[in-house]
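Participant: I am attaching a structure below and will ask some questions about it afterwards.
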């Protein structure tokens, strides 16, 4: 077996317009900073299966068709994938044709009256299923929002022990303007002089064990707050950001991996890989 590719140049970084490495040596993944052939081969040798978790509660099942169809085109192409769909309406999960080695697993859950509550329950559910099921079935978990579509390749370059994604609204912002939870009474509290980046709640993951630890910590923090009548400003995203301040991700995905076209298309984004769908939140969230 031979692999032919151009030699990396130590004195010529592949991108000089963006930060490619954090101060704790976690790579930041941008187009042009990796070779997918090398990575695919490395992951194939390890015989990796990837779990993709998504929540389609109440009317959010309308997004599943586009989500799964585009995932089949662009997500982990050539690798084994389990799509774990948490839903209260299993009968509405569409039958999308799947490539070999790829499965849809429907996990029935109850719904809650408020979308905030549903959002917060995600940590608890991912946590309990990581222990019961995921640990025996997949090597990595990728946890994303359903009201999105894949728009370009999202492959093994994202995989690492623990990864988060730069929030499209805040990737270039100063620390002071991050929308962390600022009330000291909350378990999600981050002081104004702490924090590296603001991460999106809609795309994170890692090995099953690391995702188990993250979701356990976040869920426990939420339960402490709930008992005090506190709900963090951005629900699960706030607890995720607190976690990443103290347990640094080992890889960070650039905003290519979670974009919203309302923000235009800045020069630094060579590819838009995962894209928010336009929608009427009010019409969907509480139905």
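Backbone N, Cα and C atoms are what each Cβ position is placed from, and that goes for glycine too.
TrEMBL lists these features:
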type	residues	note
BINDING	55, 56, 57, 60, 145, 146, 147	UDP-N-acetyl-alpha-D-galactosamine binding site
BINDING	145, 147	Mn(2+) binding site
ACT_SITE	237	active site, nucleophile
Participant: Where the record says 55, 56, 57, 60, 145, 146, 147 bind UDP-N-acetyl-alpha-D-galactosamine, what is the longest distance in Å from one Cα to another among those residues?
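Facilitator: About 11 Å separates the two most distant Cα atoms.
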Participant: Hey, how far is residue 56 (UDP-N-acetyl-alpha-D-galactosamine binding site) from residue 237 (active site, nucleophile), Cα to Cα, in Å?
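Facilitator: Residue 56 (UDP-N-acetyl-alpha-D-galactosamine binding site) and residue 237 (active site, nucleophile) have their Cα atoms 18 Å apart.
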Participant: Using an 8 Å cut-off from the Cβ centroid of 55, 56, 57, 60, 145, 146, 147, can you name the remaining same-chain residues around the UDP-N-acetyl-alpha-D-galactosamine site, in sequence order?
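Facilitator: Near the UDP-N-acetyl-alpha-D-galactosamine site, beyond 55, 56, 57, 60, 145, 146, 147, sit 54, 61, 63, 64.
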Participant: Run through the Cβ atoms and count how many others sit within 10 Å of the one on residue 55 (UDP-N-acetyl-alpha-D-galactosamine binding site).
Facilitator: 23
Participant: Using a Cβ-Cβ cut-off under 8 angstroms and a sequence gap of six or more, which residues of the chain neighbour residue 237 (active site, nucleophile)?
Facilitator: 199, 200, 201, 202
